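Undergrad: After the structure tokens below, expect a handful of questions from me.
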Amino acid sequence: MLPSELIKHKENSQQIIALTAWDSISGSIAEQADVDLVLVGDSLAMVCLGYKSTLPLTLENIIYHTNAVSRGFKKKIEEQPLLVADMPFLTYQCGEDKAVEYAGKIIQTTYAKAVKIEGAEPEIQKVISRLIRMGIPVMGHIGLTPQSYLNLGLKKQGESMHSREKIKREASILEELGCFSIVLEHIPELLAKEIQNNLTIPTIGIGAGNYCDGQVRVTADLLGLNDDQPPFCQPIIQGKKIFKDKLKEWVTSQRLN
């Protein structure tokens with residue numbers, strides 16, 4: 001799938017479903033689940049690498065894991081989900097030239113067909129505009145932006161009038177810049193609905209209610225593999241407990257042999 005095809009999903013009122021992946025196995029499972037989009041998100045810093053936040057993730061990390069995810073895809077190229085890679089912290093906040101270099105390296109050395117960038121501050125707008133002009137598709141991300149948690153925390157965004165208006169402006173700006181879709185994270189449902197109605201590009205929600213054009217979830221959260229669950233993602237199974245219990249059963253059985 002190409003980025004432009006997501007816009008057709010919105011035009012056809014076809015819900016977009018996205019999951020994160022971090023290695024070949026999770027990529028393979030996501031593809032077999034028939035998702036539309038697989039995001040190699042910077043959440044892998046916590047899910048896979050054991051960090052406490054997304055900030056330590058490097059460009060080399062995201063390239064390594066994006067390639068691992070793509071090796072899990074087995075369908076024909078045209079039938080594979082759209083593969084999007086996050087731009088890690090300080091790979092796009094460091095000026096346009098460096099951002100182009102780093103985003104270009106992701107696109108050149110992996111099978112990702114787009115990058116995702118958090119925020120819509122004036123300097124980030126310049127980066128997004130230039131990347132798109134250079135032929136690199138960009139997915140926007142506004143609302144709660146985890147790479148900014150040292151300044152903004154991890155609380156729900158868009159609760160005050162000022163915050164709501166800011167997020168609406170940012171969404172419109174990102175569409176004007178040429179983003180092919182926007183992630184809306186941890187904002188009120190009615191705000192997400194208003195943004196969805198105002199845009200021609202798809203909105204992908206995570207903790208933003210049911211009115212977005214699509215939904216994305218961190219797969220490890222959805223499967224109950226993490227100890228700390230975000231308030232907007234209820235696990236569909238208690239995966240960590242299931243795996244732990246089954247492995248303990250196996251270990252015990254082997255010791256009895």
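Note that Cβ sites are derived from N, Cα and C of the backbone, with glycine treated the same way.
What TrEMBL says about a protein is an automatic prediction, not a curated fact.
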Undergrad: Using only what TrEMBL says about Mg(2+) binding by Asp42, Asp86, identify which of Glu11, Glu118, Glu121, Glu123 is listed for that site too.
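TA: Candidate in the recorded Mg(2+) site: Glu118.
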Undergrad: Using a 10 Å radius around each Cβ and counting other Cβ atoms from all shown chains, which of the recorded positions Asp42, Glu118, Glu185 yields the largest count?
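TA: Sorting the candidates by Cβ neighbours within 10 Å, the top entry is Asp42.
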Undergrad: So which other residues, same chain and not among Asp42, Ser43, Asp86, Lys116, have a Cβ within 8 Å of the centroid of the Cβ atoms at the 3-methyl-2-oxobutanoate site?
TA: Thr20, Leu39, Val40, Gly41, Leu44, Thr54, Leu57, Ile62, Ala85, Met87, Pro88
Undergrad: Should any of the recorded positions Asp86, Glu118, Glu185 have a Cα within 10 Å of the Cα of Ser43 (3-methyl-2-oxobutanoate binding site), which are they?
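TA: Those close enough are Asp86.
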Undergrad: Non-local Cβ contacts of Lys116 (3-methyl-2-oxobutanoate binding site) (under 8 Å, 6 or more apart, same chain)?
TA: Leu39, Gly41, Val84, Ala85, Asp86, Met87, Val138, Met139, Gly140, His141, Val183
Undergrad: On the three-state reduction of DSSP, what should I expect for Asp86 (Mg(2+) binding site)?
TA: strand
Undergrad: Could you measure between Asp42 (Mg(2+) binding site) and Glu185 (active site, proton acceptor) for me? Cα positions, answer in whole angstrom.
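TA: Here the two Cα atoms lie 14 Å apart.
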